[in-house]
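Peer 1: Got a structure for you, written out below as structure tokens; questions coming shortly.
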Amino acid sequence: MKRTKTSKAWMKEHVNDFFVRQAKKEGYRSRAAYKLMEIAERDHLFKPGMTVVDLGAAPGGWSQVAAEKLKGKGRAVALDILEMAPISGVTFIQGDFREASVLAELKEQLKDLPVDLVICDMSPNITGIRVIDQTRGMHLAELALEFCTEQLNSGGNFLVKVFQGSGFDEFFRAMRATFHRVVTRKPLASRGRSSEIYLLGLGKRD
């Protein structure tokens, strides 16, 4: 018997509840950790020894995964406007990514090290007004992409959360101009009703 939309939505919510429980059980700070795990395993994103930058890191789920994958070999630098409790193996900077002084501090922490992977799960403060939220969300993604054009190593990768809507097509084209390959990912832990989707840029162009 074909599932109805309602039953599919229920199943998705049930799975999401599972990830919430699993995160608490396994010590991850957010269910978002499982989104990164799924994508990282599928696309082989992490290798020990690499330099990783996590933008919009708080509360730290993605940074936890990055630190585990690096296994003490490499560097992980995380940034967020909100406070984040320390994570072993991760350097944290608190500040607004949109401010030049904060971006300069991030670059100083990297000390000219080539960045191999940028992961970005940033979201704007939600107003509930779709047009405003979409515009702000795309702006954050654009800033992260701009950071990649300046700091990401040739051949490096970029994973970013975006929301489908106004500005998405233009941003996708900008990603394709920056990377050899761009794919979309919707991990199981992502809420089914959400318009969020992850874009993965593979192999930054010279």
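Glycine is no exception: its Cβ is also placed from the backbone N, Cα and C atoms.
From a predicted model like this one, the values you see are computed outputs, not experimental measurements.
The following feature annotations were taken from Swiss-Prot:
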- Gly60, Trp62, Asp80, Asp96, Asp121: S-adenosyl-L-methionine binding site (BINDING)
- Lys161: active site, proton acceptor (ACT_SITE)
Peer 1: Counting other Cβ atoms within 10 Å, pick out the least crowded of the binding-site residues Asp80, Asp96, Asp121.
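Peer 2: Checked Asp80, Asp96, Asp121; of these binding-site residues, fewest Cβ neighbours within 10 Å: Asp96.
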Peer 1: Helix, strand or coil for Trp62 (S-adenosyl-L-methionine binding site)? Use DSSP.
Peer 2: helix
Peer 1: If you skip the near sequence neighbours and keep only those at least six away, which residues in the chain come within under 8 angstroms of Gly60 (S-adenosyl-L-methionine binding site), Cβ to Cβ?
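Peer 2: Counting only residues 6 or more apart in sequence, the Cβ neighbours of Gly60 (S-adenosyl-L-methionine binding site) under 8 Å are Arg29, Ser30, Ala78, Met84, Ala85, Ile87, Val90.
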Peer 1: Determine, to the nearest whole angstrom, how far the Cα atom of Asp96 (S-adenosyl-L-methionine binding site) is from the Cα atom of the residue listed as 'active site, proton acceptor'.
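Peer 2: Just about 18 Å between their Cα atoms.
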Peer 1: Taking Trp62, Lys161 as the recorded positions to compare, which has the smallest set of other Cβ atoms within 10 Å?
Peer 2: Lys161
Peer 1: If one measures from the C-alpha of Asp80 (S-adenosyl-L-methionine binding site) to the C-alpha of Lys161 (active site, proton acceptor), what distance in angstrom results, rounded to a whole number?
Peer 2: 15
Peer 1: Quick one: Cα separation, Asp121 (S-adenosyl-L-methionine binding site) versus the residue listed as 'active site, proton acceptor', in Å?
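Peer 2: The residue listed as 'active site, proton acceptor' has its Cα 5 Å from the Cα of Asp121 (S-adenosyl-L-methionine binding site).
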